[in-house]
């Protein structure tokens, strides 16, 4: 009774002079649909049971049945029917008597949201016909037996992605009779990369398996000289994740009628993935303090984050770029949009898209930290989503950059994309959305300049190759790395690269070498340095090499600066500085070593054990300055995972995680996490202390749900040590 009274009060919608109906932007809300809709006065003695009516509807929604098998949705842990748009699916209707095509008339109604309208695609009547047209709504009878009929239903290839309610309406001379609201017949309709008419159509089966159906991936981090990788559990098929992803679109208040368009979905999702202006999914933190939350390095996958947000409706703390990218990837793959996580090494930042990062030196050639505001991230992760771009000229469809990490505002919100990778490569940055920003991330120059006493600015060096040196993603069908730099930029120094740059400048990307500056590069002496690979907690050295290519004797005053940095390139503090003189003989090379001791850096170290070394040298005879900077990352110890006993679907198994503390100190308040899609939900274990050089062992029990090659992922976290990971591939046998 309470339901009907509440709908009576709801009927009186607030008057709005602008639109007849309120916005229809929630998939979760529903309207009440009448079971009997009369055409006028109802004759006395009218009994609905005298007419054809529906006794039962069979959805064939089990994962082993035809619908989920044909639609590649059998991996979703959901009792409801999940199909992909633009492809036929099957249902069976049981009537109270045999169906007579000549006299009986019925149709199907699919509804979404609270204010369904046919012209918005939120109310869809589906009539019976003789033939199904590809990519258009329709239904036909494929089988009749006794009181039952089987239907093949085709959905539109541009249909809204979301959860629809199904009603069956029967026509009688006096009115329309409808089935009751039944959540068992709810139908989720997703994007379909297997359908040629779908905007997200991808024509390679191996790519579809990787970019839509793979629920674990690899995210690359570290730095250009020391590439590291970690597994990430996307878990897009796990229980309630599909509902959580639909909730994100409700949270972003995306009009339901726009939810068939992957461009709109990506644009609003890139804003709602971060919490900056809309209380979105993840709160970012880059300052190494993670009060009231967990460090970004703790997460091993997206499932916990999405489910926590879905239940609490509050931002989950905390994330950094790979966490935003991992969760965004889950969202896209879950809805059926092909997606991958991309890492750009040496990513340019906060440089108001002027293609220039300025590093200022003082008179002696040391870096001036007060005036240098730009930073280079060791790496930055974003996503690519695959779709056609009918809003752009032909040729700019395919992979699109979308980025949920809050960096700059776009149209007033922290979001980025979709920006066509093809447009970025060719410098056509006039095409929406946010292409100039991404172009600058992969193409900026580093300009070292020094101000003289008289105010003149000297440019000491322009490094055109440091930024965007390597852009990678996970290879298809394996855990290796695929280099996709050439999809973003032409070969450094080639005519095509220069042309792309000129095109970008023509379309308004600012490119300026500051006026009133003099640039005479140093050509007869080269300087470089190498950082020795080292494990966290050990000493290592930095070797600086000079090469004098001239016939002159030179001497160089050299400054060495070692800094602890965030992976974003922002400096925390300088932990080592040295200055020394080097004599450079004609036509020869000379080297010198700077030793870094663990006691100098351990107490200061941040999350990702990142250093930034900056070496400048002034040639005393000419006054010329050489400058080189490099990031370096220490080797962080790993966790070891193994299984014990049999690994069979439906039977309990043991997983053992081991870790040896490599530091000369006791680790305190240590958290271990373990997860694996289809094998175990996230498990956590807390250890108060792990003494120096001691080993901890944790045995966890779980029951894998389904057979196949699965992945277990573990992380260890404490204040003194973060980004400790381990993983294991496990073949789960059939029972």
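Glycine residues also receive a Cβ, built from the backbone N, Cα and C atoms like all the rest.
Whatever TrEMBL says is automated annotation, not expert-curated.
As given in TrEMBL:
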ACT_SITE  321  active site
ACT_SITE  380  active site
ACT_SITE  403  active site
BINDING   443, 445, 492, 497  Ca(2+) binding site
DOMAIN    313-406  domain 'Transglutaminase-like'
REGION    1-31  region 'Disordered'
Please give me the binding-site residues out of 443, 445, 492, 497 that lie within 10 Å of residue 321 (active site), comparing Cα atoms only.
none
Fewest other Cβ within 10 angstroms of its own Cβ, chosen from the recorded positions 403, 445, 492, 497:
492
The domain 'Transglutaminase-like' (313-406): DSSP-derived helix, strand, coil residue counts:
15 helix, 41 strand, 38 coil
Starting from the Cβ centroid of 443, 445, 492, 497, which together make up the recorded Ca(2+) site, report each further residue of the same chain whose Cβ lies within 8 Å of that point, ordered by sequence.
464, 465, 467, 468, 489, 493, 501
Spatial neighbours, same chain, of residue 443 (Ca(2+) binding site) - Cβ under 8 Å, 6+ residues apart:
348, 355, 467, 468, 489, 501, 504
Over all shown protein chains, what is the count of other CB atoms within 10 A of the CB belonging to residue 380 (active site)?
28
